[in-house]
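Visitor: Dumping what TrEMBL says about this protein:
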- Lys35, Thr86, Thr121, Glu155, Lys263, Arg327: NAD(+) binding site (BINDING)
- Phe152, Leu153, Arg154, Glu155, Lys204, Phe249, Leu250, Asn251, Ala252, Gly253, Gly257, Lys320: substrate binding site (BINDING)
- Cys260: active site, nucleophile (ACT_SITE)
- 313-414: domain 'UDP-glucose/GDP-mannose dehydrogenase C-terminal' (DOMAIN)
Amino acid sequence: MELAVVGAGYVGLVTSVCLSEIGHHVTCIELDKSKVDKLKKGISPIYEPGLTELMMKNVNLGRLSFTTNYLEGFKNKDVIYIAVGTPENEDGSANLSYVDDVAKIIAKNVKRDAIVVTKSTVPVGTNNRIQTIINNHKPSYISIEVVSNPEFLREGSAIYDSFHGDRIVIGANSEKAAKLIEEINKPFNIPIYITGIRSAEMIKYASNAFLATKISFINEIANICERVDADVEQVAYGMGLDHRIGSHFLNAGIGYGGSCFPKDTKALIQIAGNVAYDFELLQGVVNVNKKQQRILLDKLYDRFGNLKGKKIALLGLAFKPNTDDMREAPSISISSELVKAGAIVYAYDPIAIDNAKQILDSSIHFVYNIEQAIGGADAALILTEWDEIKNMDFNLINTMKYPLLIDGRNCIKLKDIKPYQIEYHSIGRSSVKNIKSNNSEVVCQVGESK
Ligand SMILES: NC(=O)C1=CN([C@@H]2O[C@H](COP(=O)(O)OP(=O)(O)OC[C@H]3O[C@@H](n4cnc5c(N)ncnc54)[C@H](O)[C@@H]3O)[C@@H](O)[C@H]2O)C=CC1
Ligand SMILES: O=C(O)[C@H]1O[C@H](OP(=O)(O)OP(=O)(O)OC[C@H]2O[C@@H](n3ccc(=O)[nH]c3=O)[C@H](O)[C@@H]2O)[C@H](O)[C@@H](O)[C@@H]1O
């Protein structure tokens, strides 16, 4: 089928590439000329494993192209996807200005009947609003129907998720429109669930809110585990054996970040508030997450009292591994607090370093390997569990001024760290203190560990 996708961000670009991979002809339209220039040269503006290769394959097969021109992009298209951002307003609600703009642009530039599919995450009622905007601006002889098709991919595994997702949700007002979108998606071979438009919009927010709830829940359990000498990994594993609970999204750490959980949880609280419903549980999830992002700082203050002049190494800056995305990454609040406290901050990330430089404090020393980050440091904090970081050579710890490693992602196994001269803390697990004192005695304390 002939498809257009508006927006070449994490969702728009991945959607364009994957829809072309299953045989459709896709034109991806992006406002930002510098992104389109890169894409035309075969360079992806985002880091996403496997994306560039699949993109180039489909460009070379003549199934995928990029433009900044709407008239060209919409020409002869049966379906137009909206994949622009819906960032957070100051009050936590979703900013719909980009979506509204695209609705008007579609109405003014289409030359034939089409289906408009909303991939962007939008509050309940927004697809109706898009339909109204389009109806008010399109020529009367053209017919356009809006369909909701929320996206569930994760950054860092977006291509894999697009081909192995658990479900595709299609919310439509007419059976004809629903069937057309179902037809487009059939080659993905993923279960398709057709619903009403409002339910589809709600499924997206409820899913993200539920996953965020699991994370805040296990983080609180981890905090209690630390106090009662239990091990959160063992607890999460034991909980996850119950299929009603499930083992996913029970990794304790420094809280969720990213472009979606933080904004979508707050937007759902607003959606509830708009109908005079106080979503107390979700507000708790948001509050716990905010507190959890501070937990490594609390551990540092407990250890040093004062951080002035201490050299602190940050290992990993992106909000999760395998992405260059820094949006709402815990590293933002943690580094800012460290700088305020007078610490000398060294930061390393294998991929997100350039994006990090744009947004983190300019006094931070950005370095290009783990060695440079931790050499001479008073403490090192693991903020993102990149493979390179969790598999680091622990002998490097010897180059630190004091061998204090605080793992905010529980990504190092306690048994692997035990043989080293180190003081190691993590989240909801026992600490390892294995430091040679001056008279060469080894102090080794390991609690209930695996
Ligand atoms: N990032 C993710 O992993 C996921 C995001 N979503 C949702 O998908 C939507 C998009 O998110 P991202 O891709 O992360 O955003 P993004 O910010 O990475 O990309 C949005 C792109 O749209 C472009 N754009 C804005 N207005 C435009 C216009 N009028 N014409 C053409 N292009 C325009 C921007 O320049 C930008 O490149 C959001 O609603 C988000 O909540 C849903 C699932 C996963
Ligand atoms: O709407 C969205 O944008 C997307 O949001 C999340 O995807 P994403 O934010 O890319 O990444 P996740 O793997 O979900 O991780 C989000 C955050 O939670 C944290 N997390 C995740 C899992 C866990 O057990 N513990 C935990 O702290 C991660 O470190 C990360 O900071 C959802 O998983 C996707 O289904 C959804 O499409």
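Placement of Cβ uses the backbone N, Cα and C atoms for every residue, glycine included.
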Visitor: Any idea which of the recorded positions Leu250, Ala252, Cys260 has the thinnest Cβ neighbourhood at 10 Å?
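Guide: Comparing Cβ neighbour counts within 10 Å for the recorded positions Leu250, Ala252, Cys260 gives Leu250.
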Visitor: Can you give the largest Cα to Cα distance in Å, as a whole number, for the residues Phe152, Leu153, Arg154, Glu155, Lys204, Phe249, Leu250, Asn251, Ala252, Gly253, Gly257, Lys320 that bind substrate in the record?
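Guide: Between the outermost Cα atoms of Phe152, Leu153, Arg154, Glu155, Lys204, Phe249, Leu250, Asn251, Ala252, Gly253, Gly257, Lys320, the distance is 24 Å.
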Visitor: Looking at Cβ-Cβ distances, which residues of the chain lie under 8 angstroms from Glu155 (NAD(+) binding site) while being 6 or more apart from it?
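Guide: When sequence neighbours closer than 6 are ignored, Glu155 (NAD(+) binding site) has Tyr10, Glu48, Gly258, Ser259, Lys320, Asn322, Thr323, Asp325 within Cβ distance under 8 Å.
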Visitor: What does DSSP assign Glu155 (NAD(+) binding site), in three states?
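Guide: Its secondary structure by DSSP: coil.
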Visitor: Could you check which of the binding-site residues Phe152, Lys204, Leu250, Gly257 is the closest Cα neighbour of Arg327 (NAD(+) binding site)?
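Guide: In terms of Cα distance, Arg327 (NAD(+) binding site) lies closest to Gly257.
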Visitor: Which residue counts does DSSP yield for the domain 'UDP-glucose/GDP-mannose dehydrogenase C-terminal' (313-414) in the helix, strand and coil classes, in that order?
Guide: 34 helix, 18 strand, 50 coil
Visitor: Do any of the binding-site residues Thr86, Lys204, Gly257, Lys263, Arg327 touch ligand 1, in the sense that the CB is under 6 Å from one of its atoms?
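Guide: Thr86, in sequence order.
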Visitor: What whole-number Å value do you get for the CA-CA distance of Lys204 (substrate binding site) and Lys263 (NAD(+) binding site)?
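Guide: A Cα-Cα distance of 13 Å.
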Visitor: Calculate the per-residue pLDDT averaged over the domain 'UDP-glucose/GDP-mannose dehydrogenase C-terminal' (313-414) and state the result as an integer.
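Guide: Average per-residue pLDDT within the domain 'UDP-glucose/GDP-mannose dehydrogenase C-terminal' (313-414): 97.
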Visitor: So of all those binding-site residues, Arg154, Leu250, Gly257, which one's Cα sits nearest to Lys263 (NAD(+) binding site)?
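Guide: Its closest listed neighbour, by Cα, is Gly257.
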Visitor: Rounded to an integer, what is the Cα-Cα distance in Å between Lys35 (NAD(+) binding site) and Phe152 (substrate binding site)?
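Guide: Lys35 (NAD(+) binding site) and Phe152 (substrate binding site) have their Cα atoms 24 Å apart.
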Visitor: Counting other Cβ atoms within 10 Å, pick out the least crowded of the binding-site residues Lys35, Arg154, Lys204, Lys263.
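Guide: Ranked by other Cβ atoms within 10 Å, the binding-site residues Lys35, Arg154, Lys204, Lys263 bottom out at Arg154.
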Visitor: State the Cα to Cα distance, in Å, between Gly257 (substrate binding site) and Thr121 (NAD(+) binding site), rounded to an integer.
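Guide: Here the two Cα atoms lie 17 Å apart.
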Visitor: Could you state the CA-to-CA distance between Leu250 (substrate binding site) and Thr86 (NAD(+) binding site) to the nearest Å?
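Guide: Between the Cα atoms of Leu250 (substrate binding site) and Thr86 (NAD(+) binding site), the distance comes to 27 Å.
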Visitor: Identify which of the following recorded positions, namely Phe152, Arg154, Cys260, Lys263, place a Cβ less than 6 Å away from any atom of ligand 2, and list them by sequence position.
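Guide: With ligand 2 as the reference and 6 Å as the Cβ limit, the list reads Phe152, Arg154, Cys260.
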Visitor: Which number gives the other C-beta atoms within 10 angstroms of the C-beta of Thr121 (NAD(+) binding site), all protein chains shown included?
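Guide: So the Cβ neighbour count for Thr121 (NAD(+) binding site) comes to 23.
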